[in-house]
Amino acid sequence: VDAPADMVIKAPAGAKVTKAPVAFSHKGHASMDCKTCHHKWDGAGAIQPCQASGCHANTESKKGDDSFYMAFHERKSEKSCVGCHKSMKKGPTKCTECHPKN
């Protein structure tokens, strides 16, 4: 899979932004299966962004499976950044560890 080595995850257009964007390293996560995070990917086609319709398109709520916020912050799901980092006891789990203060 051809993924950008490093990228910045930003809130989708129209979302209420309260924290800084997050620097993300695909390279640093290369040992993981892509489907861990991109759970709707079929393994062959183009990978859609998290906020794609039918996935985490809800930018209004911080609750629910379709919530853009919960895609990254759900502590009880290993599919989210925070949940995976907590489960593995590795990686950032606090707000400012991912969202630098301006």
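Placed from the backbone N, Cα and C atoms, the Cβ positions cover glycine too.
Taken from Swiss-Prot, the feature heme c 1 binding site covers His26, Cys34, Cys37, His38. Cβ neighbours of Cys34 (heme c 1 binding site) (same chain, under 8 Å, six or more residues apart in sequence): Val1, Ala3, Trp41, Gly43, Ile47. Taken residue by residue with DSSP, Cys34 (heme c 1 binding site) is part of a helix.
All protein chains included, Cys84 (heme c 3 binding site) registers 19 other Cβ atoms within 10 Å of its own Cβ. The heme c 3 binding site annotation in Swiss-Prot covers His29, Cys81, Cys84, His85.
Among the features that Swiss-Prot reports, heme c 2 binding site is placed at His39, Cys50, Cys55, His56. A coil conformation is recorded for Cys50 (heme c 2 binding site) in the three-state DSSP classification, outside any helix or strand.
Feature annotation from Swiss-Prot assigns heme c 4 binding site to His73, Cys95, Cys98, His99; the stated evidence is similarity to another entry. The 10 Å shell around the Cβ of His73 (heme c 4 binding site) contains 17 further Cβ atoms across the protein chains shown. In the three-state DSSP scheme, His73 (heme c 4 binding site) falls into the helix class.
Excluding the listed site residues His73, Cys95, Cys98, His99, the same chain places Lys19, Val22, Phe72, Val82, Pro92, Lys94, Thr96, Glu97 with Cβ atoms within 8 Å of the centre of the heme c 4 site Cβ atoms.
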